[in-house]
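K.L.:
I have a structure here, written as structure tokens, and I will follow up with some questions on it.
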Amino acid sequence: MGRGKFKAKPTGQRHFSTPEQLVAGTSTRPRTFKRQEAEYKAEEESNEESEQESGEESDDETEQKRKGTQGVIEINNPNLVKPKNLKVKDLDQGKTEQARKDLERSFPDLIRQQREEAARKKEEEKADVSMKKVFSRSAKALASSEETARKWFRSALFPTNMNTMLASV
């Protein structure tokens, strides 16, 4: 913990071990530090000797060894594509993406023909829809023209006004 309530400068205050801490042995470095450092160096030397004896294994270990914090932190890279497990029956039937691409490359005429058929079907559907619209409009027009013809015919045969009836005789 810091001494005092406020920091003196942007760099902060310096902390020194007090004489009481030195006597109590609670300084930042434990007394066993040199022993641990010596043991660590001895382990490293023994590891180096064993690596020299097994030359092939050391090459594999250096490839797998990661730099910095990569070994500690697991990184999920969305751009890194892991190979997918593909079933043999899917490969034979051409269901995989790579098989489809190969088919497109090897049979461009077949693909072109399929696309043309799909375009024809779309055109036929559009024509059917437009014909239905035309027929519905013409049927309405025909019905209205028949109705006007009936009215005219009735008025000619059966005049409702007596004056028109006398004029026609």
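Just so you know, glycine gets a Cβ as well, placed from its N, Cα and C.
Residues or ranges marked as region 'Disordered' by TrEMBL: 1-148. The compositional bias 'Polar residues' annotation in TrEMBL covers 14-30. What TrEMBL lists as compositional bias 'Basic and acidic residues' is 34-44, 87-131. If you look up TrEMBL, you'll see 45-62 marked as compositional bias 'Acidic residues'. Residues or ranges marked as domain 'Casein kinase substrate phosphoprotein PP28' in TrEMBL: 92-127.
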K.L.:
Any residues 6+ beyond the ends of the domain 'Casein kinase substrate phosphoprotein PP28' (92-127) with a Cβ under 8 Å from its own?
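P.N.:
Sequence-remote neighbours of the domain 'Casein kinase substrate phosphoprotein PP28' (92-127) are 86.
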K.L.:
Work out, from DSSP, the number of helix, strand and coil residues along the domain 'Casein kinase substrate phosphoprotein PP28' (92-127).
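P.N.:
DSSP composition of the domain 'Casein kinase substrate phosphoprotein PP28' (92-127): 32 helix, 0 strand, 4 coil.
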